Amino acid sequence: MSSKGSSTDGRTDLANGSLSSSPEEMSGAEEGRETSSGIEVEASDLSLSLTGDDGGPNRTSTESRGTDTESSGEDKDSDSMEDTGHYSINDENRVHDRSEEEEEEEEEEEEEQPRRRVQRKRANRDQDSSDDERALEDWVSSETSALPRPRWQALPALRERELGSSARFVYEACGARVFVQRFRLQHGLEGHTGCVNTLHFNQRGTWLASGSDDLKVVVWDWVRRQPVLDFESGHKSNVFQAKFLPNSGDSTLAMRARDGQVRVAELSATQCCKNTKRVAQHKGASHKLALEPDSPCTFLSAGEDAVVFTIDLRQDRPASKLVVTKEKEKKVGLYTIYVNPANTHQFAVGGRDQFVRIYDQRKIDENENNGVLKKFCPHHLVNGESKANITCLVYSHDGTELLASYNDEDIYLFNSSHSDGAQYVKRYKGHRNNATVKGVNFYGPKSEFVVSGSDCGHIFLWEKSSCQIIQFMEGDKGGVVNCLEPHPHLPVLATSGLDHDVKIWAPTAEASTELTGLKDVIKKNKRERDEDSLHRTDLFDSHMLWFLMHHLRQRRHHRRWREPGVGATDADSDESPSSSDTSDEEEGPDRVQCMPS
């Protein structure tokens, strides 16, 4: 009894906040509480055996009772055995249920994980797409923002002309934004059966020469919409350029083509072509020639063989090699060449790399910097992996500026007087230059505007000073506008592309043209350019295209020689200092990447 009471008292004192383990220290009042404490202990033991609750103070009292006497320990042990059985059954059920629940949760988690990953990817993709769309919107808005106030206004200019204080009304009007914004298609000139690759006005602006894939050259009276004459060029492949030589009385046309030949046509006063003769031969396609502004006898020619010829029609052997364009020891095929109108000793070339190269004919030393006077390139393209090509470049009217159009890139304006390696000064965006050798040009008597075609079939005109798009016209149903030729004196523009006609544009609209759909076209061009930069497949396409063209040229060549009486006429009039007619078959597959049609 004392042992039991002792243990009970220990529990009771613990409940009261004090701990006493000596029975001699208990008072009479404490002995009176012993009976009630024992009842509470038995009740708590009974509750413990029924509920299986072993936590809290009950667990502490049970442990203390087990250390006092064996008799009480046996009673407790019998209760504990019952409790142990009760616990083990519940625990097994709980463990079993818990394991099944965990397995189900794991299975659900495994099924849910791919779904969550897909949702996360979709959310990230949507977020990236929305970010890209927002960035594209911001970019388009910056390219189509409000224009500054025009410098030339029609009513004040007319009033000044009436008062006799403006002697240059037409000159200034041709360079006015208000006229460019009123451009509208006047008519088409139809006479070719292939893509039209080249256009050129004579000095007076009365005639317009055009060359085509049909191997013909047509000289137009563009006002009356009638051909003055048309003739076979003598070329064996796509005619890329045909230009009137200045101060020649419109009697001499210089031509070049994919076959690499440089030919000259002599026109008679009776509106016929007397003959054409070959004066030079490139080992590859020849896209452009460069006229000297006042010379009726001399011009320059550049080809994909990296060679620049100077041609003087007064010489027995007209062509002489001027320079071979190289980057370090590697040849750089050329697509374009232009003579500085203010300093005809200097000329610029561009081609199958990212550099605009300027040469001075008096100082070409190929042992020193490969003969280059200076080079320009947008700094972000110098060491880039974009493989940018220059498809066209032109000098401004006074030679102070140089405009270059890059394949699958933008158009850049350089100051030609800047030092070697200088950065561009202006950049013109929005068009697409990928499918062909795209032309670019200045428009206006003072080169106030920049004009370019695009793969989307539109013509873009930018104000040079602000870089803003001020005119946007659908120029080709076939999808690509290649050639843009401003009239030398009037506010007129001639364009051509994959369509088989020449289009004449003039400022005859009653109001400024609404730039309807411009933002959508710019977005589409930007997306296509970005996609092509990520997924370039043009290498395979170029190899296939080169193979097919090479095969067709061979078949056509053999067919001509099998026909009776064919084969000697061209050779009789050829005067070439260079390689044979078959050099066009030496073009590599990468030379076809920028073909004009």
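Keep in mind that glycine also has a Cβ here, set from the backbone N, Cα and C atoms.
The feature region 'Disordered' is assigned by Swiss-Prot to 1-147, 558-597. Feature annotation from Swiss-Prot assigns phosphoserine to Ser21, Ser22, Ser99, Ser129, Ser130; the stated evidence is similarity to another entry. The repeat 'WD 2' annotation in Swiss-Prot covers 234-275. Annotation comment: Swiss-Prot describes 329-369 as repeat 'WD 4'. Swiss-Prot lists 476-515 with the feature repeat 'WD 7'.
Taking the repeat 'WD 2' (234-275) as a whole, pLDDT averages 91 in the prediction.
Sorting each residue of the repeat 'WD 4' (329-369) by its DSSP state yields 1 helix, 19 strand, 21 coil. Here the repeat 'WD 7' (476-515) is broken down by DSSP into helix, strand and coil counts: 0 helix, 17 strand, 23 coil.
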